[in-house]
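Copied from TrEMBL, the annotated features are:
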- His70: active site, proton acceptor (ACT_SITE)
- Asp71, Val74, Gly76, Asp78, Ser80, Glu92: Ca(2+) 1 binding site (BINDING)
- Pro165: substrate binding site (BINDING)
- His195: heme b binding site (BINDING)
- Thr196, Asp244, Thr246, Asp251: Ca(2+) 2 binding site (BINDING)
- Cys39-Cys118: disulfide bond (DISULFID)
- Cys72-Cys77: disulfide bond (DISULFID)
- Cys124-Cys319: disulfide bond (DISULFID)
- Cys202-Cys234: disulfide bond (DISULFID)
- Arg66: site 'Transition state stabilizer' (SITE)
- 12-29: transmembrane segment (TRANSMEM)
Amino acid sequence: MNHLEIEMGKYELFMVILIMSGYGFVDGLRMDYYFMMNCPFAEGIVKNIVNRHLRADPTLAAALVRMHFHDCFVEGCDASVLIDSTKDNTAEKDSPANLSLRGYEIIDEVKEQLEIQCPGVVSCADILAMAARDAVFFAGGPVYDIPKGRKDGTRSRIEDTINLPPPTLNSSELIRLFGQRGFTAQEMVALSGAHTLGVARCSSFKHRLSNFDSTHDVDPTLDAQFAKTLSKRCTSDKSEQAFDTTKDTFDNDYYNALQRNTGVLFSDQTLYNNPRTRGIVNAYAFNQAMFFLDFQQAMLKMGLLDVKEGTKGEVRANCRIVN
């Protein structure tokens with residue numbers, strides 16, 4: 001039996017445990033939810049639309065994964081990040097932490113098609129969770145199933161985004177913050193691996209560079225040559241730098257970058273600098289299959305954060321507006 005077969009066997013065993021422990025059937029959440037709801041083509045519609053957009057613009061894979069994370073860590077996985085602000089309420093999406101989110105048009109198109117096929121059945125929360133999953137696979141990452149049946153929330157307030165982890169946290173702070181949501185240190189490091197996709201804006205890492213603040217030296221945990229590269233790249237707060245050398249491919253190169261001290265964000269590089277998480281980084285840098293397995297398990301767990309079921313939520317007709 002080769003290594004991949006062993007890893008796949010571990011994943012299949014995990015799925016059995018997941019279902020037996022309640023994750024497969026969580027108060028109405030189940031793998032075959034939309035078959036039971038007479039909307040069997042829901043997942044196919046999501047995948048086809050997501051793949052068409054990603055073929056046109058592969059950078060949207062990172063955007064969809066990030067949007068799902070930003071949704072789940074604020075009020076749970078209830079699509080609250082999709083709600084537009086009104087004159088009486090500033091919503092999550094207009095928080096400084098969310099202004100760089102994109103890909104909303106993909107969710108809108110999926111929702112429009114699903115409302116034609118199965119009116120009032122498929123929630124925006126499930127669409128976002130499925131879109132993130134499909135984006136990971138499209139970019140070369142693991143394939144995994146997720147339970148469906150989430151309902152959409154009715155609250156979206158800018159002040160709630162304080163729960164999102166800023167890029168200035170150290171490893172101990174990240175362990176504590178993720179621990180408050182029920183994640184282990186290893187699950188936190190695995191979820192951080194989503195940064196194998198996408199870019200960071202200069203505003204999120206310029207504090208590590210001396211040329212932006214004469215009162216500070218370059219972050220000593222940053223490779224000196226890479227610091228010069230970042231300094232040249234940072235011509236404005238909106239300037240972008242890829243997290244690793246394969247920004248549109250889901251792989252383990254992010255962890256290799258941390259080993260080279262070329263993590264773009266302080267909250268990335270700290271994972272290698274802290275002895276408590278360094279071993280996990282090294283393991284994922286060495287063994288991509290291990291990273292894939294742990295990532296998909298952590299994503300399944302994240303997708304169940306504070307889900308709304310039954311009368312605790314709704315199925316929005318328009319993902320941007322509460323019914």
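Counting starts with 1 at the first residue shown.
Keep in mind that glycine also has a Cβ here, set from the backbone N, Cα and C atoms.
TrEMBL labels come from automatic prediction, so no person has curated them.
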Margin query: What is the set of residues, excluding Thr196, Asp244, Thr246, Asp251, whose C-beta falls within 8 angstroms of the centroid of the C-beta atoms at the Ca(2+) 2 site?
Written below: Leu197, Phe243, Thr245, Lys247, Thr249, Phe250, Asn252, Asp253, Tyr254
Next item on the list: From the recorded positions Gly76, Cys77, Asp78, Cys234, pick the residue whose C-alpha lies nearest to the C-alpha of Asp244 (Ca(2+) 2 binding site).
Entry: Cys234
Margin query: Nearest of the recorded positions to Glu92 (Ca(2+) 1 binding site) by CA-CA distance, picking from Cys39, Cys234, Thr246, Cys319?
Written below: Cys319
Next item on the list: Enter the number of other CB atoms within 10 angstroms of the CB of Cys39 (disulfide bond).
Entry: 18
Check: Other residues with Cβ within 8 Å of the Cβ centroid of Asp71, Val74, Gly76, Asp78, Ser80, Glu92 at the Ca(2+) 1 site?
Finding: His70, Cys72, Phe73, Glu75, Cys77, Ala79, Val81, Gly153, Ser156, Asp160
Margin query: With every protein chain in view, what's the tally of Cβ atoms within 10 Å of the Cβ of Pro165 (substrate binding site), excluding that atom itself?
Written below: 16
Checklist line | Candidate nearest Cys39 (disulfide bond) in space, where candidates are the recorded positions Asp71, Gly76, Cys77, Cys124, Asp251 and distance is Cα-Cα | finding: Cys124
Check: Of all the recorded positions given, namely His70, Cys118, Pro165, which is spatially nearest to Ser80 (Ca(2+) 1 binding site) at the Cα level?
Finding: His70
Notebook entry, point to check: In terms of Cα spacing, which of the recorded positions Cys118, Cys202, Cys234, Asp251, Cys319 are within 10 angstroms of Gly76 (Ca(2+) 1 binding site)?
Noted result: none
Margin query: Counting only residues 6+ away in sequence within the same chain, which have a CB under 8 Å from the CB of Asp251 (Ca(2+) 2 binding site)?
Written below: Gly140, Gly141, Thr196, Gln288
Check: To the nearest whole angstrom, what is the C-alpha distance linking Cys234 (disulfide bond) and His70 (active site, proton acceptor)?
Finding: 25
Check: Which residues does Cys118 (disulfide bond) neighbour through Cβ under 8 Å, counting only same-chain ones at least six apart?
Finding: Tyr34, Met37, Asn38, Cys39, Ala42
